[in-house]
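J.: TrEMBL lists 33-99 with the feature domain 'P5B-type ATPase N-terminal'. Taken from TrEMBL, the feature transmembrane segment covers 43-63, 221-241, 395-417, 429-453. What TrEMBL lists as domain 'P-type ATPase A' is 256-378.
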Amino acid sequence: MEKPVPVGKVENAVVNGSDPCQDQEIDSCPPQTGYRHSIWRSVLFYALVVVPAGLGLLLAYWFPAVWLRLTAYRCPLGSASRVIVKDLDGNKCVEVVKTAILPGHTHQPIRIGHTCVGLKEVWSGGVVRYLIHRHLRYLYQPSVGKFVLLRGLDDGHTSSALHGMRGGLSLEQHSKRACLYGENSIDVPVKPYHVLLVEEVLHPFYVFQLVSVVFWIVEQYYYYAGAVFLISCVSVIISLLQTRRHLQQIHDIAFSSTTVSVVREGREMSGVSSSSLVPGDVLVVPPSGLLLPCDAALLTGQAIVNEAMLTGESVPVTKTPLPPSSLHYLPSSSSHKRHTLFCGTQVVQTRFYGNERVLAAVVGTGFSTAKGGMVRSILFPRKLSVRFYVDAMKFVLLLSILAGCGFIYTLAINFYFKFQVKDTILRAFDVITIAVPPALPAALTVGIVYALARLRKNNIFCISPQRVTLAGKVKLVCFDKTGTLTEDSLDLLGVQPVVAGSFTSGLCSARDLPQCPLLYAMATTHSIATINGKLTGDPIDLKMFQGTGWVLREPPPGSFDTLTPTIACPPKGGGGEILGSEVELAQLRMFTFSSDLQRMSVIVRVAPTSDPKQLHVFCKGAPETICQLCRPNSVPGDFPEVLGSLTQQGYRVLAVAHRPLHMAWHKAERVKRYILNIPSSFPLLL
């Protein structure tokens, strides 16, 4: 029997005490009601709704859930052809149930989350029943009797399990997953103009407006009816063009397709379309970089990634390989983000041993990726419970009540005085058209279009025009990106070394430091990379490294065995010599900055050296955190006073610590981070 294939998790579960769907506001198992088509109900319904001038069809269009209840009978979800799904906002959507036939032998087992069952026990004859709700796929699971969200490898799988997939999928496994997950694409459908026109015209406000215009024409209000009709037509056309333009822009931004290299059946396959990727595929990231077509967990090597599309930060970040562990992999967690390559981001370059491949396991595809979540949030924004809208609806309701009272009163008076039926109906409906202004939607549309035009002149674009009226009520805007909004320029004031357990008197320049661990720490404890001949990285790291006056370069082949690390060395003629040769610092291993730990660490080898196992560990971070990692006798007694004096002057202060490490470089590549957390010396305030 074939080894169970981990396909993904399709059950509602809590990992590490939190629901993984909460970050993207996804309901993994929303309330559902199944219905099956009934011929006699449909015939009776359409026979009755056509009689009152097709008004029933219009109501069926406005309330599809009610239409389904009238034309179908309720049944278990396992035999339903349509399902009413209730989203997080309480809105009800009617989704069509689809089927797919899994290729291969149906008796072979397949893994659903943490349990392994045969396909015959889950899907009869290998037939999968699913529905697509808001671009996410929900599979029917008989064990719970509901359609449950189909997740990728981002839930219910450990880091060690992901590392066990380096050999890639077999062709049969890939075909099964392709059938379950569908194409890996974020394809936003762009509706044709005639569909958008029908949707716009059939809006309740415009239907009411059209009926009002007809009554005005009958009452011979030709000029007023013509003016309102013309304004309505213009507003409909403008709204239609604007909606179409926005959909096209979203489609162009979201959709992307490329060719990639993957590992399948233990060998590399190049020229594979990115649309065929499925969770479990092993992606080969080229050294020159790649525009990520999916979410992937980095298994080997390092990658420098530009995540500006997701975060807005223009500074590339360094991604390190995911360490094997028994913990569940959750890309949205802070501890695993630094090991995850997100869809839509640009891998600028990669680095690994010699000619070894940089591998990443695909964990999410299509709309289940980080980029897909952003697109869905644009297409389906959450309902805003704002008092402005509530008051507006109350106002319209009050007008409707007044119009209804006036309608009834007019009918009663006209029948009492025995007016003609035609005149009675016209006068009664005239009261309604006066109480509820039919030109209201047209006026709102013109106002919104004018506001958008003013915003566009200032390069401000709005993807949800309905939010413009709400923006007029905003009185206070808070930002959490003060550094980005103000300035990103930094200057290095100086360094304050520690000698014999005491601070030196006053600050000094980093260029005045001798060849010592203090200088080596500043030259290596960073995540800077050279991209197109330019240093790129965090502004603080850049200023720290530039303060040393050293240079960053790629080593020639064979300088450090088969390893290709980042090399820092002094400029030629800078006096940086050891044993008659120029010193070179190789950054063998980097543990990126963690907000939880408040520090970053690097393992460095100094060349030339007589002992190849002599390595160095440098750590940089918050002074209070670094102080706790150091030997007490290496921390100056006046440390709190000096730190307080600098911070009170508005300076940002970092501390650096160092300790030697006797270990072979290949073991250093696999060492755990917590092993490095042993007492070190406290040499420097930055």
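Using N, Cα and C of the backbone, Cβ positions are placed for all residues, glycine too.
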J.: If we skip the immediate neighbours and take only residues 6+ beyond the ends of the transmembrane segment (43-63), which ones have a Cβ under 8 Å from one of its Cβ atoms?
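T.: 70-71, 202, 204, 207.
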J.: Summarise the domain 'P-type ATPase A' (256-378) by DSSP state, stating how many residues are helix, strand and coil.
T.: 23 helix, 47 strand, 53 coil
J.: What does the DSSP secondary structure composition of the domain 'P5B-type ATPase N-terminal' (33-99) look like, as residue counts for helix, strand and coil?
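T.: Counting residues by DSSP class gives 30 helix, 20 strand, 17 coil.
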